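Taking it in order: structure first as structure tokens, then the write-up.
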């Protein structure tokens, strides 16, 4: 909960509790002291010196003026008797509130009213009995302390609000960067999928032409090309579904990688001082090119993160072809996660996995280090 939210919750309760408690103290003191003059008028003026505090946060200067006038009236009605202790506390609260909430002009005006009230009550009391200079001045010391405390709290609140604003702005910037990274990664994926689909359609054309050439002379030989057309068509259709709705930028001219190029990633990592061991298990089946591309990119980004952030010397890549899914696990012997990672690399890997209906999880490895686990569904041929 922010400081503003806390003030919104606690403030209304204090607006009721503070004047209520001071009103009770006022009544108790008046009953015990039996002030001179008109008791009813003194009581009304004494209560008027504390009850306006309920509006102090909305109108600090106006409340200060009202309480000051009530105190002067209380001294007059009580035949120069001192104002109640609760009224003194009320002025302390007013001075604190002025320094805490008011702008400089209103704050200076309020302090002037309080100083005039202190001098005025001293002069009224001096009509019936001598007043020592210290007795006339010491309230100003307490009021000065209250004003200083209010100013300190004001500065702290301003600093805290500035920190909260910066944190909110930073959070928004991080969210925008994450959104931009995701959009850029989707665009990159779309370009690559476009090439995968184009490659599949080209194969379909070549295989269909081959079937046409042998169809009349040897129909039996046309069965195999037609079957390949069907398989390639199903795979390309799946890639096309993933591609729809994603903006395609100009296609790259380099060939798209597949899992067959994993040794290149191992060599690149070794050149950078990271030893990589690759293991595979499960029933080997021909994976769609799109799935291979996604798996390759996930492994590539995971190894890049290991080199950049983990401080590791060895990484392990394990590929498992399970029934209906390809499981990709990358672990390392580094120092492990130091906090919540939200870099562009992890965002890109999650985007790729989600594009194929898969999942990607990250976190501490079972034996330390960092672990990336992706599961990509694979349609049965």
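A Cβ is built for glycine as well, from the same backbone N, Cα and C atoms used for every other residue.
Now, the feature entries from TrEMBL:
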TRANSMEM  12-32  transmembrane segment
TRANSMEM  38-54  transmembrane segment
TRANSMEM  61-77  transmembrane segment
TRANSMEM  83-99  transmembrane segment
TRANSMEM  106-124  transmembrane segment
TRANSMEM  136-153  transmembrane segment
COILED    160-187  coiled coil
DOMAIN    290-380  domain 'Histidine kinase/HSP90-like ATPase'
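Between the transmembrane segment (12-32) and the transmembrane segment (83-99) there are 3 or more Cβ pairs closer than 8 Å, counting only residues 6 or more apart in sequence, so the two stretches are in contact. At the 8 Å Cβ cutoff, the transmembrane segment (38-54) and the transmembrane segment (83-99) share at least 3 close pairs (sequence separation 6 or more) and count as touching. The list of residues near the transmembrane segment (136-153) in space but at least 6 beyond its ends in sequence, with Cβ under 8 angstroms from a Cβ of it, reads 88, 91-93, 95-100, 111, 114-115, 118-119, 122. Same-chain neighbours of the transmembrane segment (83-99): 18-19, 22-23, 25-26, 29-30, 46, 49-50, 53, 56-57, 60-61, 63-64, 67-68, 70-71, 74-75, 106-107, 110-111, 114, 117, 121, 139, 142-143, 146-151, 154, counting only residues six or more beyond its ends whose CB sits under 8 Å from a CB of the stretch.
Residue counts for the domain 'Histidine kinase/HSP90-like ATPase' (290-380) under DSSP (helix as H, G, I; strand as E, B; rest coil) come to 33 helix, 33 strand, 25 coil.
In this model, the domain 'Histidine kinase/HSP90-like ATPase' (290-380) carries an average pLDDT of 83.
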